[in-house]
Structures are given as structure tokens and as C-alpha cells.
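Participant: My structure is below; once you've seen it, I'll send some questions.
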Amino acid sequence: LQETLLGKYGEEGRLIYELKDQGGELLALRYDLTVPFARYLAMNKITNMKRYHVAKVYRRDNPATSRGRYREFYQCDFDIAGEFDSMIPDAECLKIVHEVLSDLQLGDFLIKVNDRRILNGVFAICGIPESKFLPTCSTVDKLDKVPWEEVRTEMIRERGLTPEAADRIGEYVRLHGGLDLIERLLQDPKLSQNKLAKEGLGDLKLLFEYLALFGIAEKISFDLSLARGLDYYTGVIFEAVLLQPENDHMEEPVGVGSVAGGGRYDGLVGMFDPKGRKVPCVGVSIGIERIFSILEQRVEASKEKIRPTETQVLVATPQKNLVAARLKLISELWDAGIKAEMLYKRDPKLLKQLQYCEDTGIPLAAIVGEQELKDGVVKLRDVTTREEVRM
């Protein structure tokens with residue numbers, strides 16, 4: 001139902017595909033896998049669950065296919081729901097992102113971490129009314145795409161902040177570092193007075209200790225500009241970006257866009273529970289299409305040939321009127337669980353069949369001609385070396 005999705009995504013909600021079905025119900029296509037997961041937990045009264053889910057989601061966005069931005073795309077989500085001790089599940093989610101991105105060998109990456117409570121604390125001490133927290137958050141979230149000057153202008157013109165407040169926010173949201181920065185902010189006279197920010201900083205300090213034990217702390221950066229535009233986050237938030245290698249013109253590596261993101265959303269399940277019972281949750285979403293587009297660009301650049309098929313053997317015939325022999329042999333191979341194919345032509349030329357093997361990278365050709373049929377054998381040909389054995 002449309003009402004399940006509305007009011008959960010902040011300004012990004014305008015990208016939800018809304019539909020009316022024949023029965024007059026107001027429906028919408030799911031925008032992510034998190035809100036449906038929260039609804040599922042509430043409906044089935046589940047208070048404890050760990051799961052992954054790979055499925056399609058839909059966004060009415062401007063597609064940019066070269067960058068892997070589509071309107072219909074796959075996400076892979078991993079979530080841990082339940083009442084647990086602070087930061088243990090959160091650290092595991094980050095460990096999983098690190099593991100996935102390392103195993104895929106996408107190059108250098110960085111996982112940025114922040115906490116919504118710290119951001120809200122920053123907004124509070126900069127004199128921003130609570131009603132403007134979420135819209136200001138959405139504006140701060142643009143910092144990885146546009147320079148501070150543009151973000152500052154939007155805060156003043158569109159969000160109605162005073163230039164002084166915007167500048168005070170700017171002093172904080174441009175900071176990034178590690179444990180040292182957390183320690184520094186815990187000593188900050190204004191920020192340490194804010195209960196929410198203090199809680200957030202304390203949790204982040206613990207998180208960094210766990211990440212050091214997992215051996216991944218060097219890939220994690222505490223970044224105060226990270227805001228994640230979605231409304232449902234309540235605590236730790238994170239985003240993984242791939243870095244372009246350094247070159248002569250740039251001092252530090254530049255991000256080429258987010259490939260994974262997530263965070264803690266402790267209030268979402270309660271929204272769907274008639275009694276408002278809460279289930280704390282933390283999760284991460286990996287953008288499969290973004291990763292695929294990067295891998296595809298790499299392959300293109302390396303001029304490497306990718307096999308378009310998993311076929312192990314092509315069943316081929318050298319003479320005419322042997323389609324029956326091919327069908328019989330391919331059927332045997334299929335029944336034996338061997339990946340086989342043949343050309344959909346009655347009498348293809350042998351050269352054409354072998355050429356097809358070369359083009360698609362099929363390693364073997366099983367050839368049955370009149371002589372082979374008489375002798376009750378099959379000639380197996382290695383397409384690359386052209387060696388043949390009779391079997």
C-alpha cells in the first residue's frame with residue numbers, strides 16, 4: 001500500500017512510483033527493501049532476526065545508465081533486528097561491507113561513518129529549530145556532490161537558516177577523521193553539553209574500538225558531512241565509496257560514488273506495529289548495478305574478452321541430414337547435467353559451428369558425422385588447440 005511507503009524517505013519520497021490498481025487501492029512500487037522488512041517484522045511480531053535479501057526496487061529518478069543509475073534495479077540488503085548490546089551488530093554490518101568490497105576487488109574504497117544523533121546535536125547547538133533538522137540533513141547530504149558554498153546557499157535560501165547558523169554548521173560538517181576526532185568532539189565545550197551528541201560520540205568511540213578488533217579501522221572514516229537523506233535513520237549511518245587513484249593534480253583520492261550504505265533505524269518497526277512496539281534494527285544495502293557498471297567499464301578498458309555463455313560443449317555435425325544425431329546426443333548430455341548447445345539450423349556448415357565456439361568461448365565441440373555414427377563414436381575437439389580424440 002502507498003501509505004506503507006509515504007513519510008519514510010524524507011525528500012526522496014518524491015521518487016516513489018505511485019500506482020492505482022483496478023480495485024481503487026492506492027499502491028506504490030517499493031523504494032527500498034528496508035521499509036518492507038520493517039513492516040514484515042511488525043506484522044509477524046518478530047523481535048529477533050538476521051537476514052539478507054536480494055531483490056528489485058524502483059525509483060522515479062533521472063536514469064544515468066553509464067553510472068549504473070536506473071529506475072528499476074537490484075539491491076542486496078543485510079539486516080540485524082533485535083535488542084542487543086551497543087554497536088556489536090553495527091560493527092558486523094561494517095565488517096560485511098568491508099568483506100564484500102575487498103572480495104570484489106573493486107579497488108580502493110572508504111567507508112564513511114557518522115551518527116544522526118551527532119548531526120542533530122550539531123544542529124541544536126547551532127540554534128536550528130527541531131522542525132528543520134530533517135530538511136537541513138538532506139541539504140548536508142549533498143556535500144559529497146557539491147561544494148560547501150552551494151550547500152550553504154541552499155541552507156539559507158531554501159531552508160531558511162541564518163547565514164551565521166549555516167556557518168556554524170559548516171565548521172562541524174567539514175570535519176573528518178578517526179578516533180582522534182571523536183575524542184576531540186567529546187571535549188568540545190558546546191557539543192559535549194548536548195545529550196544526544198554525547199551519546200552518539202560515545203557509541204562511535206565504541207564502534208571504532210570494535211572495528212579495530214575486526215582489523216578494518218583503517219578503511220573507516222568518521223565524516224560529519226555524511227547525513228544520508230532518508231528519514232528513518234536514528235543512530236549510526238554509513239556509506240561506502242570507491243576511490244579513484246591519486247594523480248598529480250589531486251592531493252587526495254576522490255570518491256567515484258557510493259556503492260553501499262546503511263545505518264541504524266530503531267523506530268521504523270514501531271511505525272507498523274498497532275501497539276507501537278519497537279524493534280531496534282541496523283542494516284546495509286549494497287548497490288549491485290553500481291558495482292556491475294564499474295566492473296563492465298573495467299572489462300571494456302582492459303579489452304578482456306568475457307564469455308557470454310557457460311556452455312561447455314557444442315554438439316556439431318559435418319554433413320547434411322544429421323539433425324537427428326545432434327538432438328539425440330545433446331539430449332544425453334543435458335540429462336547428464338552437462339551444459340551443451342547446438343545451432344538451431346538443420347544443416348549448418350561445420351566451419352560456422354566451430355566459429356560459433358570461438359566467438360562464444362565454448363571450449364569443446366562434440367562432432368558426430370556419418371563415419372562416427374557407423375563406428376559408434378563421438379569426435380571431441382578442443383576448440384583452442386584443435387586437438388581431436390575419438391570416444
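Any Cβ shown, glycine's included, is placed from N, Cα and C.
In case it helps, TrEMBL gives these features for our protein:
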| type | residues | note |
| --- | --- | --- |
| BINDING | ASP32, LEU33, THR34, ARG59, GLN75, ASP79, ARG228, TYR232, TYR233 | L-histidine binding site |
| DOMAIN | 52-308 | domain 'Aminoacyl-transfer RNA synthetases class-II family profile' |
Participant: By the count of other Cβ atoms within 10 Å, pick out the sparsest of the binding-site residues THR34, GLN75.
Facilitator: GLN75
Participant: Need one number for the L-histidine-binding residues ASP32, LEU33, THR34, ARG59, GLN75, ASP79, ARG228, TYR232, TYR233: the maximum pairwise CA distance in Å, whole number please.
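Facilitator: The span, Cα to Cα at its widest, is 21 Å.
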Participant: Within 10 angstroms of the C-beta of ASP32 (L-histidine binding site), what count of other C-beta atoms is obtained when all protein chains are considered?
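Facilitator: Counting Cβ neighbours of ASP32 (L-histidine binding site) within 10 Å gives 20.
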Participant: To see if you understand the setup: which same-chain residues, six or more apart in sequence, place their Cβ under 8 Å from that of TYR233 (L-histidine binding site)?
Facilitator: ARG116, GLY263, ARG264, TYR265
